[in-house]
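The structure appears right after this line, and notes come after that.
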């Protein structure tokens, strides 16, 4: 609080200092009329007193002016608004509401700030910039969508959003009325409004209705727009488009009405104008192959397209526009054939215009040449008869009551008839296209509401005004009347809602002018009456007008003309020329020509004129020539001329229908203004602007608003703004409303100048300016007081400085005089010195000349002597070097000799001392005390060690005996095997089939060599490719730019791929929606119960889950584990031998039945020997296991006996012994099975031998005759291969046994050598003993024995201690694990009981088997195929994240993968495919059902990515196995490659990631603007909005107060919640960082876009507030350890925007600093922020236009995109890094709450 107070005081003093310069402006500023600029600014330089006739003014160019005022001259000038109000985005917010203020505000916004939109109450004023602005992109639509109308800068999208919002809130149809003169931008505004509706209210299903609505614009522009002198793309018709919405406010269809098409443009264009665009588009594309039949050339060759003398438009390519037109026609369903028919009709009109009509000599008739090519093309393209058309183009038919005449037409009449026919054809084609567009946009779905967009012409006045201008101005009169009444109604509603006393406001009512036009006997009635007269003329009609309406106040007769009249419209007086009114009102077309067109051979041409609308008299058509109206009810067919309606009547009826539609809707107004007539960008012509402002009703809105209470303030805003005018007593009152009332009653004495409403204070015009003046006076008085104090302080300081300066001056003056006297003395002395020096110089010069000569001579002489001396020195120096070297060598030699002598002496001396010391040590060692100290307690140990030696010697003898026995057994076994091998070889050589086998062997060798060659070739190719890749990598390393480019391309490719995935998911969503709609249409409507509504299946078991972790449940004893492993191997081997035995028995039975079949004894012998070898291996393994078991029992018993003190250890060991007994029993069972198998094998071998013997006796023919028969099925080769394998196996076993025997012999030899060494040493010791004396011998022997025993004792003690420590540790670990295993067994028993109670499985009937599977758990889960749906339902469909929140993260993914592993293990591809497909579809359905649940989406993103990582980690690919453990590598998939499913899961992960980001952005979207820009995180910092930034009453629910604003803390909490959810669900940190980065990008985009579109937040205080908020977000990132995610970098644009709001913006140095600072902002964004920058009060300066221009010049070369707003829908390409799991699958724990008891652990 203290910091905030000090900051406020500093800010207050700064504002007061800036007020000093403001106080110099003493004069009031006013507006005076000006003939050129309309209004000019001036200042009053002399006080005005009441009664003065002259006002003394000073203009802006410093010139003075005496402005006459008075009742006869000029009224008092308008007051000018304060500068702080200039540039407001709402004209009604100005304190002074009048024409010059409105004009100046629009000019400032348009020219200086380049803002083309401004509010004027309920009207949006749009000024045409004549430049393409980048403010209509999709990101702008997103920014305005959902915002209130007053929150953002004025925009056409804000009006469209207001209409869309009111349609949904009020359940009422809406209309947007876009008006303005030609070239003001009406069509563009209407098009952008429709684009907004198409984007925001897109169709619910994939019907592309919004695309068709937008596609209608290029079609209507092609056939209805043309170039005029005022606009290059002027709409020559009016249109009203109704966009229909359903109950969910999605677009379902549209309908278009057109008004008053300008048909005369088809046959005539003024200079520098063009015909409709479609004609020029066809001519520009005439070279295309499909258009050759049209016979078109350049537009200059046709009369109807060359009258304007300029067929081109700058920047427009007609050929490209035709392509867009054809695409749009195709979009709305017009086929290619119909398109060509349309183009033929349009081309025929051009050919018709070139038909030459030749006048006859009499002048009363004419004819057309028969060989006229244009007439031929015209008739060919329309499919009509050329002779008939040639005849009736120059003749007409007159019908009377009795006869019918054919009369020739004059040349002028024929030309008029031809032009009328062209106009008629084009009008009908125009109507047909509009009707077809309506059919394409029509829908059968019931329309709930609609929004209409009216694009209609504005008020027009030209030098020559005709029937078209009259109809246009008539329509504007009706629209202005509706506009005035609506504005008046809104004002009245505002006052009534605020409970303000309502006073009737007088406003302009143009009903008399409308009555003059449309009332009975009005202008239109008299025109229709004159058209019915047979010989009616325009002059007669004018005379009737003069006589009938001369007394009307809105009708005048020109002075100098009898063929025109003047109508006083609401905008201006318009003079209309009567010539052509009757003809245009009749719209005459001859029936004979129409009948020819009806008989066309082309169906489209005939249909155009066979419509019921065309049935009528021959002289006219029933369809309006100027208007295309779809009436509410069908108009009855007219049968004669009297029943046919004129053009004026039809236009009046259609206008009434339009007004009824508009009155039934809520209108929204857009007034388009044309800033200049030269189409120059951002050039403002005040005259033209004022003329249009008067005509479009903007000033009338200002006048109505100014007549009441235009300025409106809420109570809190008023309190904050004007609290400086309050007293301390008022500030103590808690009710701000009462404080405001007391203040206003004190300041403003007239109670009529203000009114108090419920929520606002209403002021008359000028009262806010008065309050601003009082506020400024208050500040000025405070400033004067501060100035008074400061100036007094400054004067006192100045006096002290002056006094001090006077004293100083005196001191310095006296010193100066003294210094002058001293200077005079110095000058005198200096003169004497100068004389002396001059004389001295002369003498010295002579002396120096002589001296130089002497020195030169001396130099040469001395040089000669020195050189001689140098030579002598050189010789002396060389002699010294030689002497130095010799002396040094002598000294070094002497030194080395002395050092060696010293070393020898030292060695001798040290040896003597060592001998003395050794002798002393020996004497001490022989002393009795020493022996006693060493041998205390060693006698017993010696005895024990001797006993131990005896035992070891006994064991050694027994081992030698066992070794001899095994050697003898092995020798006999080897001899036996050698004999068997010899018998095999004898039998092999006995047969002659060896030769054929050798040939086959040679072939196989050849093939093997070829395969080796191919392998080498492939390896060489691979090595070459590898070298090439290495070379490419080396080259790539030298070029880092290529890597960067490749990385960018990879990101772009990943972005495109993820966009495709996103589009695929969107299309899939569309498809599912359509399926749901189809299903809902098939069945009766009603309530359906979805799976989400059903209750989930839960487990009723109260038992806790059992953890089947192998590492925790298995025994730690290595021997026991070895036994278990060997038992499993024996069981597998038994099964394999059993299967082999069964095969052998089947084969032997089949051979026994076939008596005539020869048997292969070698194959049988091979099989029997193989079985024998396997049997022997099993027996040896059993022996080893038995020995290991016995050793284990002994060790356990010994250790248990040593630890009898611990009861718990005893219990643990008892449990361990029981388990060993169980394993022993199981081993015995396996032994019995092996014995049974052995007997079966022996029987089978005997049986095969008997059979072979019998067969050998029966086969009398020699074997050589039946080799071919024996080798028919390839059994001989198999037998040979079997024999070779058996021989190899026997040789390998023999070699291993021989190696073992050799190793044992070597070990025995080494032991013998060691014993020999010991004996030799002992012999040496005995010899030594014999030489010693008896006493010395005793001492020496005792000493040796003591030393030996001491060493052995120490060694044994160390070993025993180490063994004891290890034993204690192992026993403790075993104790813990045995206890844990006991608990596991108990839990498993409980679980088995529960599972048997719920569901019986045959696998669970044997408890021993279950225990063994638990021990052998391999990380797989088995399930039955029929349980797949239940598995998916339990793990995915009904899964809730909180159910598995306390378990391993991503548990469903692990369980699913373990099921996949089992399916892979049993090689069931259908099971794998079904499970993966069902899983993916179930996840998609869950995500679709929870498409707005962040927690569920995060949960499944984590599980999907984890399942993807598991498929990679256990795929067997070496690239993914680098971080695996050995156990994890054993769990890899064996049979299937699931790379395709990995890609599908990767795509699914991308879709889930995008959904997660979309959900998070949707949750954060309403919070961002309020938290970042509106909440006051720093108290008392945000400035108070002045005026113009209030929310519209139509946009907010004032009763409820609207939604509460979000704070920054709420946003940070939401981000923290997102982060915690992702972390709790085990989402990879890399993915979480990418999510946070995307969310921060969204924060940046939304914040910056709102900053760029809101003027009220572009201030210095907002910049500081924003920078503080960003620092809080950065602090949150650091707290969550997410600062490395790149999220801070995404905030860089908004950080720079905040800094831009805070920096100085005055000098060129400031501009340079801004350019270097704002590197992440585009030029448009920088300029936009500078234009929007708003001072908080009048003391802060605005950014000047010159400063902004300087910024633009400095940054014009910066390469960047031209987008103003940031794309809020941009998504960074997501990357899922491979993160393997450290969790082993066998350790996964499955809770019982998941109800997965049908899964079996494998």
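Keep in mind that glycine also has a Cβ here, set from the backbone N, Cα and C atoms.
Annotations in TrEMBL come from automatic prediction, not curation.
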Of the residue ranges 1234-1279, 1280-1325, 1418-1463, the one that TrEMBL records as coiled coil: 1280-1325
TrEMBL annotation of region 'Actin-binding' - which of the ranges 609-631, 632-654, 655-677, 678-700 it falls on: 655-677
Annotated coiled coil segment (source TrEMBL; candidates 1060-1101, 1354-1395, 1480-1521): 1354-1395
Annotated region 'Disordered' segment (source TrEMBL; candidates 991-1016, 1017-1042, 1121-1146, 1147-1172): 1017-1042
Positions on the same chain near the region 'Actin-binding' (655-677), where near means CB under 8 A and six or more residues out: 106, 110, 120, 122-130, 156, 159, 162-163, 166, 170, 172-186, 189, 193, 230, 240, 257, 259, 452, 454, 458, 474-475, 478-479, 482-483, 486, 629, 631-632, 683-685, 688-689, 692-693, 696-698
Other residues, Cβ within 8 Å of 180, 181, 182, 183, 184, 185, 186, 187 Cβ centroid (ATP site): 128, 231, 234, 235, 458, 672, 674
Chain-internal residues near residue 186 (ATP binding site), provided their CB is under 8 angstroms and they sit 6+ positions away: 178, 179, 180, 235, 455, 456, 457, 458, 672
Cβ neighbour count within 10 Å of residue 182 (ATP binding site): 18
Neighbour tally for residue 183 (ATP binding site), based on other Cβ positions within 10 Å of its Cβ: 21
DSSP-assigned states of the region 'Actin-binding' (655-677) in counts, ordered helix, strand, coil: 9 helix, 8 strand, 6 coil
Sequence-distant neighbours of residue 187 (ATP binding site) in its chain (C-beta under 8 A, six or more apart): 221, 225, 233, 235, 455
Residue among binding-site residues 180, 185 with least C-beta crowding, 10 angstrom cut-off: 185
Intrachain C-beta neighbours of residue 181 (ATP binding site), sequence separation six or more, cut-off 8 angstroms: 230, 457, 458, 459, 460, 672, 674, 692, 695
Around the Cβ of residue 184 (ATP binding site), the count of other Cβ atoms that are within 10 Å: 26
Residue distribution over DSSP helix, strand and coil in the domain 'Myosin N-terminal SH3-like' (25-77): 0 helix, 24 strand, 29 coil
